[in-house]
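TrEMBL annotations:
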- A:54-76: transmembrane segment (TRANSMEM)
- A:88-107: transmembrane segment (TRANSMEM)
- A:119-136: transmembrane segment (TRANSMEM)
- A:148-165: transmembrane segment (TRANSMEM)
- A:177-193: transmembrane segment (TRANSMEM)
- A:199-217: transmembrane segment (TRANSMEM)
- A:229-247: transmembrane segment (TRANSMEM)
- A:253-272: transmembrane segment (TRANSMEM)
Amino acid sequence: MGKIDVKPSVNRQNSWTKKLYIKQSYDDNYVDEKTFLELKRINVNARLYTYWEAVLYSGLIVQQLSTVIIFVLIYVYLRSDLIKIENLVLFFVVPLVGIGYLSKVIVLKHKCSQIQSDLGNIIKFVLFTYGISPIVNSLTESISSDTIHALTTFMLIFNILFYDYDSSEATIASKTFSFNAALFACVCLASRFEKSSFHTFILLILAFVLFALFPEYRRYSEEHYPHSIPIFTITCFFICLIMMINLKLWLYIFYLCLVCFIISFVCPLILIKLQSKKKTIHGPWDEALIQT
Amino acid sequence: MASEKTKRKHSICMVSDFFYPNMGGVEGHIFQLSQCLLERGHKVVVITHMYNQRNGVRFMTNGLKVYYIPVVPFYNQCILPTILTTLPIIRDILIREQITLVHGHSAFSALAEETLYHAKLLGIKIVYTDHSLFGFADLSSILTNKLLECGMSISDHVICVSNTCRENTFLRANIQDPRKISVIPNAVDSSIFTPDPDAAPKDRIVIVVVSRLVYRKGTDLLVGIIPEICKKYSEVDFLIAGNGPKMVLIEEAKERHKLHDRITLLGSIPNQNVRNCLVKGHIFLNTSLTEAFCIAILEAASCGLQVVSTKVGGIPEILPDSMITLCTPSIPDLIQKVEISIQRIKSGDRIKSLEMHNEIKNMYNWRDVAKRTERVYDMVADSKSENSLIEAILKFRRCGYIGFFVITFVFLANFFLLMIVEYFNPRDKIDLAPDVSNYGRRKSKTHNLD
């Protein structure tokens, strides 16, 4: 090197080059058919789905939706004394946590010390929740039930909207936000039990189990055993369905149509129809990714 | 000079949210272009929004008239896009200054976009310069691109700063005919960016970085290579000018690897000191992840520095391979290319800085940019396009159904507002401003026009 090997300042050749430092004998708005947009790429990283794949993964939405409905139904039944709180604890909360934890211990092959520290955490957590439940119990005494129900509805909708379904980089998803929304809804509902703070306590525990532990449990098993997705979906769906039996018929049918049909079968169909129109444009103007 | 007399004179209005006292590529471009156009005998005024106390009319070098209109910036130095609210004052300025051509700058500028609509209603020709690259993927780019598409559909000509930028704008704004876009690069004021071989230390090698320290400028890459280079070469120092949220990362690296005497962080420096900072170094390092043109590279090359840069956007177009070392945006490749440059400096196998300076001087200067821009102005002024409300609305048709509906609604509302303003403040009641630009130059004929 050592010398500048630039072409003469006016390019006498007839071919146009994509260089700005050469003064070329072409107009500024000259379009070179050969090089114009030659670096444009379409659908570089686009992933196309098959119908059954889409149906399978739409189950994740059904699971979360069912979880939310189960939670609300439990509240409704507790309020109207359709289920006794002792039965709920004995036949739902304790077995759910027990089976969940046992399977975790078996699969991850936990050591004794790990189990001990887990048990310690559980006891601390339960005692703490038990301690604050009287406060939560009277928290919203002065607020009307309508307000509480409206708030709860919004918060649970937020939970479903912002739930991190596939732990990908979807911009809208936020684990923290969706969990906090659910917890807010739970505190709202739990504070409506004027009778006893034990109900409040159990509902809080239930919210933690359903909105914090259960999603993590599902996520772990679905990542490592993809076959468990339909199992979870169907289980959640049917538990939800059975619990709805006491409700009005039209709600029952509405849920069946909405969840079972639209989310799981119609939406994937629309996705498949639309994905042929998928067109992402890439080129040298894209922000470069730092290669590692 | 005889041919200069017969040449067409335009009354040009530059519009952008970004102008002095803000500093950056767009700001510099508008200022330099305006100066050179004034020099060529055109009338130029600049419209921008107010900056803190800087409000009203100001005059800059050679009588460049700047209107700082009383609208406060809302987000990212841009005004709140309302379209309607700026109509009365912009109309007043355009009529008062007898503007024949509106030249908007930067796709991110809301003020420029709004002025396009006002100018269209007043029957003034429109040229637009796009200075930036933008993706297509996220929500904000979809929105910005739609707005750009609406704006571009009524402008008579578009100018882009590099070929990559042109392709980007062509796709982004959905322009039908690529011949509607001209490529006119930026330039560098080579009388300011002169080399000074004595300013740099003889026994050490200094790598200079001048950029805002943000993600888009690749500060993460910079942080990755600094410790490696410092470990390998004990005679290499870093000089970093610029400020930003990622400055913390560099300070952390400095602490962790105990490089206090090797890295100098200057923080943000005023524009006039950039040259003095550049000449203190041997190698200029640019790690941007996206860049439409990158004036900083030209400035460094004009000061005679070795340039190492990532190969992104329009950067490969601006300098010949003998004057720039390009690399992929990855830490190993950057380190390798910086090492090559260090070796070259050590062995003395490099282009003399004065030679580089002269070469850049021939390649890029603002007068040439002004000349080429003038050609665009002439072309636009000559074009006989029918200018009516219906025609403008028909042009919006290609913005998609929703875009068409919204923009037509806004445009019509703007039209009715114009009627109201016209009634209360008729056109012939507005005082015409005398042209004071070039006052000094017209008096002293001795001024060298180069």
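Glycine is treated like the rest: Cβ placed from N, Cα and C.
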Surrounding residues of the transmembrane segment (A:119-136) on its own chain - C-beta under 8 Å, 6+ positions past either end: 187, 190-191, 197-198, 200-201, 204-205, 208
Touch test for the transmembrane segment (A:229-247) and the transmembrane segment (A:88-107), at least 3 Cβ pairs under 8 Å: no
Distal contacts, the transmembrane segment (A:88-107) - CB-CB under 8 A, six or more residues away: 74, 78, 115, 118, 202, 205-206, 209, 213-214, 217
Stretch with greatest number of CB pairs under 8 Å, the transmembrane segment (A:253-272) reference, A:54-76, A:148-165, A:177-193 candidates: A:54-76
Long-range environment of the transmembrane segment (A:148-165) - Cβ separation under 8 angstroms, sequence gap at least 6: 60-61, 64-65, 68, 72, 140, 172-175, 177-179, 181-182, 184-185, 188-189, 191-192, 211, 215
